[in-house]
Amino acid sequence: MFGLQVLGLAAGFITHVMLARLMGDPGQYGWVAVGQNVAQILAALVAFGIPMVIMRRASQLSATGEHQAILALRRLGSAALMRTTGLVLVPALILAAGAYFWPSGGTGEIVLVLVLALLAAPFLALSRLYTGFSRTYGWFGLSVAPDRLWRPLLVLLLALFQWWLWPPLVAAQALLAFVVASVVVALSMGFVTGRRQRARASVQPGPGNDVAFTGSLWRVSAVFGAQSILDVVVRRSDVILVGLMVGPASAGIYFAASRIAELLSMPSAAVGTVIAPRYARRRQMNDHHGLQRLVTLSAHASFWPTLAGVVLMFWLGEWVLAWFGEEFRAGTEILALLLLARLVLASAGRLQALLNMAGAEQSVLRLQIGTAILNLFLLLILIPWYGAVGAALAHLLVWTTWVVVGSLITRRQLGIRPGILGMLWRPTHE
């Protein structure tokens, strides 16, 4: 699985380097950055926390062998996502059409980016649902490869084909490739996971109904949905606001730096893929000391490889930025701040996964609301003064605040000390 994480991050990074090179213009690449980030925010709106809630329930049913009930959850989740797709995308398309026909210059490209993002969003949300089922059954390859490996490679192949036919590549073509890749990946995941789930259910049928959960789906998912939406807004709004307030060229440079910094998410992502269900099991077994050990070990597994990567990128960062194009060397300061933010996050381990699996969703939601407000405030203050560097500084300050406050909540509510020094203190709940 770790090797697959490495391949996936490498594929995503190489894809974006090639897109920037094929375009030869930070401005065009900036529109791609804005479009993909808008698509991820819209996907969070469509998902509305449903994949997370269903994955948690599926993990519980899997432990008792109720595979027919898990298959019913799949149908329930798919139907729920169809409803949220209509509720979110129909008004958004109407707004996009209104913006296009409104007599104001320069909106055509923005509207095209928005429409392509709208087309990708429901398929991104559907992929998250299938990823949740893959994690439940321990199909870690299927939970990682489609999003991390298949989609970026397919985007690259489609972009190269369009560039070969109509050079140079422009933002609309790259985003169209992203839409097609998202559709193909979602449908492929649906076919593969569906076949595997039906095979499992036929061998170990078990009960087929989960009436109590069906009735509470929307109520429970509202909390997780708000969390997910706020989280993705905090993570994605910086690129969008840089593009709107400074310009697409600055957004392109900022996004290139963020892609490099994202390479250092590999240790945390690898840990997170397997750790969340184990948090839940330890909590359910009331194994407090075991949970503390697991939290501390996950923090170490995330922090030390990330620290090594940060040191390396401080040394090689400008050279790596130049892979996107010579104009991207201007993102050196941005990259340094984003690397520090990545290190701060890694030092705390998987805080949000721990709190969610321990049933502290309301606390996470309040923290997310405060973080989102702080993020918007800092971006609106710092971007006009410092441009894209100000957005990176806001990113660092916001995630430092998240780690500090999240650690305090974890200590107070769970009696667990997160981070690499967690085992130096005795747990407070015996």
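Note: Cβ is positioned from N, Cα and C throughout, glycine not excepted.
The shown structure was predicted, so the numbers you read here are calculated from the model rather than taken from an experiment.
As written in TrEMBL, here are the features:
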TRANSMEM  29-54  transmembrane segment
TRANSMEM  80-102  transmembrane segment
TRANSMEM  108-129  transmembrane segment
TRANSMEM  149-166  transmembrane segment
TRANSMEM  172-192  transmembrane segment
TRANSMEM  239-257  transmembrane segment
TRANSMEM  301-322  transmembrane segment
TRANSMEM  367-386  transmembrane segment
TRANSMEM  392-410  transmembrane segment
Give residue numbers and ranges for long-range contacts of the transmembrane segment (149-166): same chain, 6 or more residues beyond its ends, CB-CB under 8 A.
4, 7-8, 11-12, 14-15, 18-19, 22, 173-174, 176-178, 180-182, 184-185, 188
Which range wins on Cβ pairs under 8 Å with the transmembrane segment (108-129): 29-54, 172-192, 392-410?
29-54
Tell me, please, if the transmembrane segment (172-192) and the transmembrane segment (29-54) are in contact, taking contact as 3+ Cβ pairs under 8 Å between residues separated by 6 or more positions?
yes
Tertiary contacts of the transmembrane segment (301-322) (same chain, 6+ residues out, Cβ under 8 Å):
256-257, 260-261, 263-264, 266-268, 270-271, 328-329, 331-332, 335-336, 339-340, 342-343, 346-347, 349-350, 420
